[in-house]
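Database features (TrEMBL):
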- 1-43: region 'Disordered' (REGION)
- 17-30: compositional bias 'Polar residues' (COMPBIAS)
- 96-507: domain 'Amino acid transporter transmembrane' (DOMAIN)
- 107-129: transmembrane segment (TRANSMEM)
- 135-155: transmembrane segment (TRANSMEM)
- 175-198: transmembrane segment (TRANSMEM)
- 246-266: transmembrane segment (TRANSMEM)
- 286-304: transmembrane segment (TRANSMEM)
- 335-356: transmembrane segment (TRANSMEM)
- 376-400: transmembrane segment (TRANSMEM)
- 421-442: transmembrane segment (TRANSMEM)
- 448-470: transmembrane segment (TRANSMEM)
- 482-507: transmembrane segment (TRANSMEM)
Amino acid sequence: MEERPETELISIPATPRVSTPETLTPSGQRSPRPGSKEAKSTAWTPTSFISPRFLSPIGTPMKRVLINMKGYLEEMGHLTKLNPQDAWLPITESRNGNAHYAAFHNLNAGVGFQALILPVAFAFLGWSWGILSLTIAYCWQLYTLWILVQLHEAIPGKRYNRYVELAQAAFGKRLGVWLALFPTVYLSAGTATALILIGGETMKLFFKIVCGPLCSSNPLTTVEWYLVFTSLCIVLSQLPNLNSIAGLSLIGAVTAITYSTMVWVLSVSQQRPPSISYEPLSLPSASASLFSVLNALGIVAFAFRGHNLVLEIQATMPSTFKHPAHVPMWRGAKVAYFFIAMCLFPVAIGGFWAYGNLMPSGGILNALYGFHSHDIPRGLLALTFLLVVFNCLSSFQIYSMPVFDSFEAGYTSRTNRPCSIWVRSGFRVFYGFISFFIGVALPFLSSLAGLLGGLTLPVTFAYPCFMWVLIKKPTKYSFNWYFNWILGWLGIGFSLAFSIGGIWSMVNNGLKLKFFKPN
């Protein structure tokens, strides 16, 4: 009893009373939830033995030594500082991810409808420049993906769970928000809106193929199919966090690989059109040809979107000093990008070989339907369209999750409590219908692949290189230093050029990329 006052002076509260300050906890299965049993967990950590109960029989000098040791271990990165508010947000609510989840999520984000329009880019670039640009873009984005995986825990004891957080650490709090927030939100929201357009129009064609001559005289309009697809997306979006949609990501990955393979195999196996040519499309003026090439390169860049989700996917994994999260994340990413290459390259090369410069602006799926709808069994064609719908439904969830996270982060920071199920559902219904109304008001969004690729290119190709130099600080004027600075500024230059090409393509009706022309 005589030692009690000293023990009270050095005791450490087990549970913080507010959620705003960060608490010191080991990286476990979940983020520390304020006031919950998990915040009071007695699981062993490198400093769990330094507790008031353990220290009570030890003299004061020894206590100070052990407490100083605890501070040293925390400073050296044995413990990770986690914000208790993260336990309320969809990205970091659950931390039981693994390499399999990482592969599913990266595949679902990396393969999608953008692969179907790669043959359009080849029609303007030709064989040599098309294959060369696709190969360079693939290797470049794989390198920047490795950079992001490594920078997730670049500072011991700190995890950058979101792309904007890493940008703030590299460029400063204010400049980081300005540089990263717009392209990441634009990429997530723009992709979600485009998925509604693609998914709704594909559902309409699927119904037309399956129903055939038995269709009613008053079928649903294209906008009504958009609404049907949006409603399905909203229902699926009620899954609470990023780990909970791992099953959907698996479905999206399997369907993407399947329909990508089916599309190029069916195209190559059919008779090629008689007037096919592999010469790049020629336009009336040199400036028009230049802008069309820039837009085509923007399409290639857009095929590799998804880096705005890398840090978020890695944030769902537990991380300890001996088992950091970057190991399973990189293992899963390597598997995912192997399959991504197996989808993108055959679709681009096989589609261009099958249709050449006759490739319609809607991409290889439009070409397959337009040239061979009577040659391919109706059931096989319908299955291909159905797989596209499933993939769009799955991709909508993973691309919308950062937006859901932003909504809920704003709510929890103001109210200091987690979102109720009704508030969370309200945010997701609101976002789904906002995307629907934008798609209806601006139906040409699905034709902006080149512009989307140009505006969001820094997220994938430029910013990671700058972040590596500013955070890791390689030796000045070394090869690593020059290499990353050159890649970063090249990415910024390409972004401006491709954006100009995308705007020119949008203005000129002849070059608009319409995936499926509504009736």
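Note: Cβ is positioned from N, Cα and C throughout, glycine not excepted.
Keep in mind it's a predicted model, so treat the numbers as computed, not measured.
Across 335-356, 421-442, 482-507, stretch 482-507 shows the highest tally of CB pairs under 8 A with the transmembrane segment (286-304). Note on the transmembrane segment (376-400): residues 105, 108-109, 111-113, 187-188, 191-192, 195-196, 198-199, 202-203, 205-206, 209-210, 212, 229, 232-233, 236-237, 239, 242, 245, 248-249, 251-253, 255-256, 258-259, 262-263, 266, 270, 309, 365, 368-369, 428, 431 of its chain, located 6 or more positions outside it, place their CB under 8 angstroms from a CB of the stretch. Remark: the transmembrane segment (246-266) contacts the transmembrane segment (107-129), by the rule of 3 or more CB pairs under 8 A. Take the transmembrane segment (421-442) and the stretches 175-198, 448-470, 482-507: counting Cβ pairs under 8 Å, 175-198 has the most.
Highest Cβ contact count with the transmembrane segment (135-155) among the listed stretches 107-129, 175-198, 335-356, 448-470, 482-507 falls to 448-470 (criterion: pairs under 8 Å). Distant neighbours of the transmembrane segment (335-356): 99, 102-107, 110-111, 115-116, 118-119, 121-123, 127, 130-131, 134, 138, 142, 145, 253, 256-257, 260-261, 263-265, 267-268, 270, 272-273, 276-278, 303, 363-364, 367, 371; these residues of the same chain sit at least 6 beyond its ends, with a Cβ under 8 Å from one of its Cβ atoms.
Residues 112-113, 163-164, 166-169, 226, 229-230, 233, 305, 308, 388, 392, 395-396, 399-400, 402-403, 406, 431, 435-436, 438-439, 443, 445-446, 448, 452, 455-456, 458-459, 463, 515-516 of the same chain lie 6+ residues outside the transmembrane segment (175-198) yet bring a C-beta within less than 8 angstroms of a C-beta in it.
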